[in-house]
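Under the heading domain 'Cation/H+ exchanger transmembrane', TrEMBL lists 46-403. Here TrEMBL flags 32-51, 63-79, 99-116, 128-150, 162-184, 196-220, 226-246, 267-300, 345-366 as transmembrane segment.
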Amino acid sequence: MATNTSNVTAALPKPMKATSNGAFQHENPLDYALPLLILQICLVVAFTRTLAFLLRPLRQPRVIAEIIGGILLGPSALGRSERFLHTVFPPKSMTVLDTVANIGLLFFLFLVGLELDIRSIRRTGTKSLAIAGAGITLPFLLGIGTSFVLRSTISKGSAHAPFLVFMGVSLSITAFPVLARILAELKLLTTDVGRIAMSAAAVNDVVAWILLALAIALSGSNTSPLISLWVLLCGVGFVVFSVYVIRPLLELMARRSPDGEPVKEIYICITLSLVLASSFVTDSIGIHALFGAFVVGILVPKDSPFPGVLIEKIEDLVAGLFLPLYFASSGLKTNVATISGAQSWGLLVLVIATACFGKIIGTMFVSRMFFKVPFREAAALGFLMNTKGLVELIVLNIGKDRKASTHVHCLVS
């Protein structure tokens, strides 16, 4: 037994040390975690910013350049060179890269929650709720229908219930942060269409994250339904605790940060620590860590300068450094070259068509039939609600990590 254990230990790769003694000490800095991570960050940021500059004449947002950059750095393009891949993105470094990228992702979802004002949903009334319901229901049902086709072809080993929910969520979600930026750039935020779209997207996001939490609960390695029930109950308990304990604390700090005065550094530190602590709790429960960060963001009071200061403090760091890393790590797991043959291309067209058709037609139908919205505005609402972005990639990556949507990840990415 001792001999077998020693053999297994000897076969395992040695963990990377943090820092090197330098090239003059005959050590390769790329064999150490910190200098390699610095190189990866610099390469990813420089590459994606260059792509963003090249795509500027096409009026494409930076997120498009970051997604394309992540794919190009992976095995779809530059990663085809084994020497490049094993020098800059060796397998032993991926845990560190993924960890740093996911920490940034936690704060991105916190920022998404900061931009969501639940009270604005109540102010817009039943119209936004009905449009959001239509924008979720039809694409969700079409996603479930698509999942049956995928499970009978390329995803035969996927767990049944989690796969259905992951497909439904990934096709029915609206990228709220991307939509907010589009409406702001087009100066539509203050119009009726803009307000309805924002409110409907907010409802859509909240419902989608609840469904995602359900999918994650169902996708645990233990197939016992009792385990999934416990995960859901603990998730509900966490939300209740957050509403009655974390929210009053956030409101207290917001009240003590009046307009015109600088926000105390300790308040910012406490809030960011709450984001990490809540993420730890939801990850320990079995729901993804992102859910905890998102809940804290929603609970921050929106009628004070406090959320604006938080956004100002962390948005540039998260959007400038961490999100490109997340796209890079996603791109390193995506090989577009695997989409080959009539079946794969047919399934790709099916996924794209059902995602767009369900959102646009569902939103237009409810807007026209029940609220008599003019056709042009109804069409605009449909296309706005069909906005896609990073959140869909997050859902697909979670499904891939949970082994619920392994093959769909490459198709949809």
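The first residue you see is number 1, and the count goes up from there.
From the backbone N, Cα and C atoms, a Cβ is placed for every residue, glycine too.
TrEMBL: automatically predicted annotations, no manual curation.
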Annotated stretches the transmembrane segment (128-150) and the transmembrane segment (345-366) touching (3 or more Cβ pairs under 8 Å): yes
Distant-in-sequence neighbours of the transmembrane segment (196-220), which means Cβ under 8 A and at least six residues beyond its ends: 112, 116-118, 120-121, 123-124, 127-129, 131-133, 135-136, 140, 159, 161-162, 165-166, 168-169, 172-174, 176, 179-180, 183, 188-189, 227-228, 231-232, 235, 286-288, 291, 294, 298, 363, 381, 384-385, 387, 391, 395, 398-399, 402-404
Intrachain neighbours beyond the transmembrane segment (226-246), with Cβ under 8 angstroms and 6 or more residues off its ends: 213-214, 216-218, 220, 274, 278, 281-282, 285-287, 291-292, 295-296, 299
Recorded stretches the transmembrane segment (345-366) and the transmembrane segment (162-184) touching, at least 3 CB pairs under 8 Å: yes
Outside the transmembrane segment (267-300), six or more residues from its ends: residues with CB under 8 Å to it: 102, 105-107, 109-116, 118, 206, 209, 212-213, 216-217, 220, 227, 231, 234-235, 238-239, 242-243, 246-247, 249-250, 253-254, 256-257, 306-307, 309-310, 313-314, 394, 398
